[in-house]
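J.: Questions regarding the structure given below will be posed in turn.
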């Protein structure tokens, strides 16, 4: 039996959206504006939380870390995407591809854990208000956030090592916006069963574990809200959770679509659109989501803007 000759791949060629030549410049400008809005919005949120003493609470402590992670999350993906559009496709070494995949997985995992932690924080505030300050102490806050970073690192390390023990050969074109595991598996020339199991484990344990914490927390919150007699009290309590629920639905909805389904075949246009939602749009919208429905954030923003205005001369 004749042996098949394979060309070993040591670098990849990212080509997402480059087939639409007429959209290259508009897409570049759109993604660049989204990235700048993400950086401005999330940096502004962090500075606002640190600068206003009224926002020095556990909820905003977790939100500031979510904003920090969103900045890093976007920065790991969007600059490379802009290079792909500007250069009409770009070459990336296997080492850089592995680094990008690690950073994406690291920050995406932390996002999952932080959203679950924020749901638990809301549950404690609504359902156990008298014990809130004794449960969510400063030590507990730092412990939860540190745990999210450590768990995110472990998840990213395992997935990256597992993915890049594969042999890649033949076609080196990745028709996707960044180095993600599903498109990489399509380029492997060996048995990728172990790597596919890792995808399933991540999809069936990490995300659902976070979602379970969120669902259980909000189940208790809904029960507590229904027991409030005044309509105004119910509305006020629910409004403190509505922003978080919106962010959860947007983030987990797109991730579930990407990972809890069949990944065979070539990356479709729909895959790339969904990947743009969770890597570009969601980090940009988070500061807006938490600002529009949050009275404390709006008041802090107005206060900061009033301070920045030059004083009028008499």
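Yeah, the Cβs are placed from backbone N, Cα and C, and that goes for glycine too.
Pulled from Swiss-Prot, these are the listed features:
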DISULFID  97-189  disulfide bond
CARBOHYD  5  N-linked glycosylation site
TOPO_DOM  1-25  topological domain 'Extracellular'
TOPO_DOM  47-54  topological domain 'Cytoplasmic'
TOPO_DOM  76-99  topological domain 'Extracellular'
TOPO_DOM  121-139  topological domain 'Cytoplasmic'
TOPO_DOM  161-197  topological domain 'Extracellular'
TOPO_DOM  218-237  topological domain 'Cytoplasmic'
TOPO_DOM  259-271  topological domain 'Extracellular'
TOPO_DOM  293-314  topological domain 'Cytoplasmic'
TRANSMEM  26-46  transmembrane segment
TRANSMEM  55-75  transmembrane segment
TRANSMEM  100-120  transmembrane segment
TRANSMEM  140-160  transmembrane segment
TRANSMEM  198-217  transmembrane segment
TRANSMEM  238-258  transmembrane segment
TRANSMEM  272-292  transmembrane segment
J.: What residue among the disulfide-bonded residues 97, 189 has the most other CB atoms lying within 10 A of its CB?
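T.: Result of the Cβ crowding comparison: 97.
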J.: Sort out the residues at least 6 away from either end of the transmembrane segment (238-258), same chain, that have Cβ-Cβ distances under 8 Å to it, and list them.
T.: 108, 111-112, 115, 118-119, 122, 125-126, 182, 203, 207, 210-211, 214, 218, 221, 225, 271, 274-275, 277-278, 281-282, 285-286, 289-290, 292-295
J.: Taking the transmembrane segment (272-292) as the reference, which of 26-46, 55-75, 140-160 gives the largest number of Cβ pairs under 8 angstroms?
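T.: Stretch with the highest Cβ contact count: 26-46.
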J.: Under an 8 Å Cβ to Cβ limit, what residues of the same chain, 6 or more beyond the ends of the topological domain 'Cytoplasmic' (218-237), are close to it?
T.: 119, 122-123, 126-127, 245
J.: Run through the topological domain 'Cytoplasmic' (47-54) and tell me, per DSSP, how many residues are helix, strand and coil.
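T.: Split by secondary structure, the topological domain 'Cytoplasmic' (47-54) comes out as 7 helix, 0 strand, 1 coil.
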J.: Pull the DSSP breakdown for the topological domain 'Extracellular' (161-197) and write it out as helix, strand, coil residue counts.
T.: 14 helix, 5 strand, 18 coil
J.: Could you tell me what the rest of the chain brings near the topological domain 'Cytoplasmic' (121-139), counting residues at least six beyond its ends with Cβ under 8 Å?
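T.: 58-59, 62, 217-218, 220-221, 224-225, 237, 240-241, 244.
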J.: Is the topological domain 'Cytoplasmic' (47-54) packed against any residues at least 6 beyond its ends, judged by a Cβ distance under 8 Å, and which are they?
T.: 60-61, 63-64, 296-297, 299-301, 303-304
J.: State the non-local partners of the topological domain 'Extracellular' (76-99) in its own chain: residues 6+ outside its ends, Cβ under 8 Å from one of its Cβ atoms.
T.: 9-18, 21, 24, 27-28, 31-32, 34-35, 38, 107, 160, 163-164, 168, 177-179, 184, 279-280
